[in-house]
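Notes to accompany the following structure.
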Amino acid sequence: MRKATVRRTCAALAAVTSLALAATACGGTTKEDVKNEGGAAASAGKADPNAETKKGLTVGFLPKQVNNPYFTTADKGGEKAVKELGSTYKEVGPSSATDTAGQVSYVNTLTQQQVDAMAVSAQDPGALCTALKQAMKNGIKVVTYDSDTTPGCRNAFISQASAEDLGRTEVQLLAEQIGYKGEIAILSAAQTATNQNTWIEFMKDELKDPKYKDMKLVKVAYGNDDAQQSFQQTQGLLQEHPNLKGIISPTTVGIKAAAQYLSGSKYKGKVRLTGLGTPNDMRKYVKNGTVEAFELWDPAKLGELAARTAVALASGQITGQEGETFEAGAMGEYTIGKDGVISLGKPTVFNAGNIDQFDF
Amino acid sequence: MPESGFPALRAVRWDTVVGALLVVVLLLSFTTVDGFGNALNLSFLIGNTLPIALIALPMTLLVVSGEIDLSVASTAGLSGAVMGALWNQGMSIETIIPVCLLIGVVCGLVNGLLVTRLGLPSLAVTIGTLAAYRGIAQIVLGSDAVTDFPAQYLDFAAGRIGDTFVPYAFLPFLALLAVAVVALHATPFGRSLFAIGASEEAARFAGIRVKRQKLVLFTLTGLMASLTGVFWALHYASARYDNATGLELSVVAAVLLGGIDFDGGKGTLGGAVAGVFLLGALQNVMSLQDVSAQSQTVVTGVLLVLSVLGPRVARQLAVARARRRAVEPPTASKAPAPTP
Amino acid sequence: MTVTAPEEAPVAGVPEAGATRLVDRVFKMRELAILAVFLVMIGVTQAGNSEFLSEQGIKDLLLNATILVLVATGQSLVVITRNVDLSVGSTLGISAFAAGVHLQGGGNPVVAVALAVLLGTGFGLLNGLLVSLGQVPALVVTLGTLYIIRGIDSIWVGSRQITAADLPGGFVDFGSGGISAVPYLALIALAVLVATAYYLKHFGSGRELYALGSNPEAARLAGIPVRKRILTAYTFCGALAGLAGALYLARFGNVDSGTGSGYELTVVSAVVVGGVVFTGGSGSVYGAALGALLLTSVNSVLPALGVSSVWVLAINGILLILAIAVDRVVALRVASALKKRNARHA
């Protein structure tokens, strides 16, 4: 009796497999058949730089994750700007940074609530597109900040610093600290994190420069933005490469886990650590000598610029085309770059000299 | 005997309660919540709930027969990851989808064989395969997120019929739902599942091939999970190894809410589906009312605990009431008082 | 005609029947098996990378496992009674934050730890009451409390976080310090582990947990206060999760609303790999602790050997399935050996 079932299952499997193979023989839709559409989704109509800044709008902020200290700071910056411009602010978002389905439903919620503009930090470059396009069809202006989607799904992207600037300056910062010589490693977030991967590509490119010829990138480890995992990945790095001289961790969770581990281990002071961290997180480690210098942009300014861009879009002052400029209040004038990308500026370097001036 | 009618009546009643709750929530939201009742929102609501609903179908059958499969989300993730990896290799989509479904069948078979041939407890085994399948997905696709699938497939998975509230993908789901309802409630196969859940020993003595039924169920669950994985990757236009993480808990919570008893042998598919859409609708409404994500989590937890406490407390009350009635003399009898 | 003595509740001082000794021997073998796998794994890694077992390396291995060992010890008690507690991750998170808030306000570390344990005990009590009084399946209840506690934690924490700068230096140093290669935190976990194992073996109420797990009906008929025992198991599990939260704060120096999320599956895996079967009534806390040590070390072994960490999840899953399969085979063998022995003695 059992053999008959097994035989029948095998027959079924064989049938399905041969059908599948037959389908291949008949040719099918493959990657090459699908064409890419590029460019930002510019809103209809022409930009009118002299248009009045509209008041009484509703701007919705949708970060990757609520209750994440980094995003809270950014969104508070946005809130301040929105209120200053005379509009209403709201923040919604999923409680987990890997809940793409949740983030999509929040885009829908904001659409249903008929906000005038939304600022989104996308968990995934493609997953939000259908919902965002629907929102834009309903006349809502979409701005992404911190983490972008594919350009066609939003009107503009506020980049914290250009990915290139970030990648290259990280390497430069570490190189200065280790004397331009030695093995280095990178402790990143999740393997799928788009912004981290972009920065890492630029880091690798920077290392090709002859002045880094005595430095070698031996490994990229992934801590998944989890404290315990980042800890163990750091331990692994140090055990696998006992001559490691420096670590770059371009994620606020990774750098504080690595710093916490190093400061309690025999490697404190011997292995240099730098990366992207917040002053509040890193204050203790800078003071006790584990970390010499690290960098970040000001998340509050990021949120503020996102808010101002959203309002400018909703007021018709810009449409997201390359070359347009607009006034961002006290922050000055900003020009829209290729694919609707607006760069906040250069990252700030924090060290023992200036860390006490900041509180975020 | 009125007594034996009660348990079955109780099971039906909880399902009716959930169904009624769903209707009430929908009606209230249509009339009082801004932004709920339009076609776009409803289509989003349905589209978002579909992955949970799809997996709830075989999961209900599985739980009724006394087993559980916690690896469904990982199977979905694995099939999505394979889809992305093969697509990047240049394989055609018409070949990829059957291959992914095949992988789901294999995953389900492995679970089923471990449970039926080796006699391992399904809860523990599927926690193991949950990690194993997700791990394989990570090895297969690594850090990639594949997004450039062909437009017709993406539109089918994410689009809706004209401007109505019906997503294209809802129709195949309805068909699958119909098949599942018939299978569970109107065929000997379905009845045997209830028997197995109520008492495996008795079912075996009654001639039901318990192991074979369970193997079939696990395989079906794997197949549906991989179908959901493919749907997920197309609906969100993003195939990643960590797609659908945590989906199994949502399915379990929804199915529990729908009155499916985890000891097996009781429950209806209608209740399960009502539970799924009730949770989905509640989350949609709460978001529209600006209830924070954290508060929504608390509400889900409280609902879950109430949904299991409710029937038990009701049963204990009914048993106590029946016991009291049996002790008291029948006061309703019209027997004339004995005359001296 | 033989007169059989009335059934007595299994209590410490059970007559040393051959059957008990056989089962005890099996338990010990199970733990030895995990220990063997662990030692082989460490040995292979040390051969491949001589830095692995340096003083820092051993300290790291022990520290990494400490928190999981604590939570797994508590969870074992619950699983032994044929239940489960899925809310431990949420409890850990909220207790860690409670301790952090107290320290942030300039409080005493000992009081902070006590607060964490108290909070954990409270939630454990809640779970225990719902499971024992409500007679609701543990899986469902603790799934519900997982959501509820996580939600309350998120609302309370909001967007705040506790960072290392908020904590007194001594507290954080305690978290990474130790006596040469043995960290203080590991010593605490070891003390708790030994105490729990002693309780389970030498106290009547401890042994009753096993009886309860193997056959709840028989245990009830034998006079074991089932509800009280389940309540105790859950309360203890919650208390240990709370303690683990305080130690997490000392070790990582950082807590936010997501701390402890998803931890429950790791804990359950550690417990199952350690030989505490889901059907209840068998396994030991030493096994669970070894399971925890094994699972956390996989995560350290792979990077040290240069193997991509992408394999970790898959390896954990396979280990888990292997452990369950082995337990099942062993259980079947023991059952048939017992049957043969009983048949011989009858």
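Just so it is clear, glycine is given a Cβ too, placed from its N, Cα and C backbone atoms.
Curation does not apply to TrEMBL; its annotations are automatic.
Look at TrEMBL and you will find C:32-49, C:61-80, C:110-133, C:181-200, C:230-250, C:262-278, C:285-305, C:311-331 tagged as transmembrane segment.
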Outside the transmembrane segment (C:262-278), six or more residues from its ends: residues with CB under 8 Å to it: 27, 30-31, 34, 68, 71-72, 75-76, 79-80, 82, 84-89, 92, 146, 284, 287-292, 294-295, 316, 319-320, 323-324, 327, 331
Range from C:32-49, C:61-80, C:181-200, C:285-305, C:311-331 with most C-beta pairs under 8 A to the transmembrane segment (C:230-250): C:61-80
Non-local residues, at least 6 beyond the ends, that sit with Cβ under 8 Å of the transmembrane segment (C:32-49): 61, 273-275, 287, 290-291, 293-294, 297-298, 301, 304-306, 326
Interface-richest range of C:181-200, C:285-305, C:311-331 toward the transmembrane segment (C:61-80), CB pairs under 8 Å: C:285-305
For the transmembrane segment (C:181-200), distant same-chain residues with Cβ under 8 A (at least six beyond the ends): 55, 58-59, 62-63, 65-67, 69-70, 73, 77, 80, 174-175, 206-207, 209-210, 236, 240, 243, 247, 250-251, 284-286, 289
